[in-house]
Amino acid sequence: MSTPQLMQGMQKDLTCPLCLELFRAPVTPECGHTFCQGCLTGAPKNQDQNGSTPCPTCQTPSRPETLQINRQLEHLVQSFKQVPKGHCLEHLDPLSVYCEQDKELICGVCASLGKHKGHNIITAAEAYAKLKRQLPQQQVILQEARLKKEKTVAVLDRQVAEVQDTVSRFKGNVKHQLNAMRSYLSIMEASLSKEADNAEHTATEALLVERKTMGHYLDQLRQMDGVLKDVESQEQTEFLRKYCVVAARLNKILAESPPPGRLDIQLPIISDEFKFQVWRKMFRALMPALENLTFDPDTAQQNLVVFSDGKSVECSEQKQSVSDEPNRFDKSNCLVSKESFTEGEHYWEVLVEDKPRWALGVISETANRKGKLHASPSNGFWLIGCKEGKVYEAHTEQKEPRVLRVEGRPEKIGIYLSFSDGVVSFFDSSDEDNIKLLYTFNERFSGRLHPFFDVCWHDKGKNAQPLKIFYPPAEQL
């Protein structure tokens, strides 16, 4: 390597990458890169939880206490500074011209005799003016890049916060659900224990009565044993006289002998079926409290008649005189409830009974209510329905609804909505002790959701049965 190349390489190695000047009080982080002490301490930095700061060049974390001034390097810089500033390291002439090809400030000798010979050379003043004009453009490019990365960092920060919030809510939900399970199982344990204690008390009382009776009888037998021994010791005449009396008395006592005591204790059998029933009951106990919904007549299609209690709705052949509200369904025989939800868990039940055609579920605030409805999750509809009284369907993204396998004919449908879990589940809740899952939609919900009811066309009376929101009287809650 020639001396000029060596000097240029040394100058590069002795230059701070932050201020582009020769090192002043050079320090070297643990990663091995070197900076001016003032440049490094003044650089933007983000400390981690251990107090370490990232290297501006490679982002490797470094502990502040490891930063010591490199005295050897500092002395080398001082020696290098003996070359006059603004002079060529090779020829010691002033740096007076600029090589546009190599983008380098050089001296006149370099331009005429050195490696820059034949290149496009301009004066330093011309280069200064030219590059000065280009600087704003570079600043714009830098600003755009910085803003873009700042937006990316903001998005990442928001995603980190969302992840932390999601995990926090998940942990809270897990804790809440498991606490509810523990509470329910504790109540169930106490109930079964009390039932066992009652059975034990009843059986013990009965057995003690039986034992007392048996004790009295045993006393009579022991007494007769003594009498028989006394008769045995008598002379002939006295023996015969007493024996007949004693024998008759003994036969009477033996004839009145109480049957042996036996008592069956009736306790719950801890079988697989029992466990299954407990889990079913616990599942129902863990569901949110039943929502007390009411139909919203302002959203009902013209043929629908909402009963005065707000809990029943049916389809009539006659159109009602109603105003054309923006949120009213105009073609499909549908309506929503007055209540709507934006968060949390919710559960409500609808009596369909023997109605042969219906659809239930939730719709988004932005779902279309005019004209023909295209019921699918992508259009803001999460529904299941029944047709012909026997075909049950889930309105998925498929071209045709998904046919569900349903046992029997559900008379009451339970609908469970969880914003945090992104779930809409449908249950056959006809039997409270035997709730059966029909179908579940999994979705990431945003915005407001409305409980939805499609009464369907009355079909000349064949489908005139009403839909009813189920909510028991207060004394049954």
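Note: Cβ is positioned from N, Cα and C throughout, glycine not excepted.
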Can you dig out which of the ranges 16-59, 324-367 Swiss-Prot describes as zinc finger?
16-59
Zinc finger per Swiss-Prot - which of 83-124, 167-208, 209-250, 251-292:
83-124
From the centroid of the CB atoms of Gly86, Leu89, Leu105, Gly108, the recorded Zn(2+) 3 site, which same-chain residues not already listed sit within 8 A by their CB, in sequence order?
His87, Cys88, Asp93, Pro94, Leu95, Ser96, Ile106, Cys107, Cys110
Secondary structure content of the zinc finger (83-124), with strand meaning DSSP E or B:
6 helix, 11 strand, 25 coil
Mind giving me a neighbour count for Val97 (Zn(2+) 4 binding site)? Other Cβ atoms within 10 Å of its Cβ, every protein chain shown.
22
Using a Cβ cut-off under 8 Å, which residues of the same chain at least 6 positions beyond either end of the zinc finger (16-59) come close to it?
66-70, 73-74, 77, 80-81
Let me check the 10 A CB neighbour count of Leu14 (Zn(2+) 1 binding site). How many other CB atoms are there?
18
For the C-alpha pair, I'd like the distance in angstrom between Gly114 (Zn(2+) 4 binding site) and Gly86 (Zn(2+) 3 binding site), rounded off.
18
Inter-residue C-alpha distance, Pro29 (Zn(2+) 2 binding site) and Leu89 (Zn(2+) 3 binding site) (nearest angstrom):
29
Rounded to a whole number, how many Å is the Cα of Pro17 (Zn(2+) 1 binding site) away from the Cα of Leu105 (Zn(2+) 3 binding site)?
18
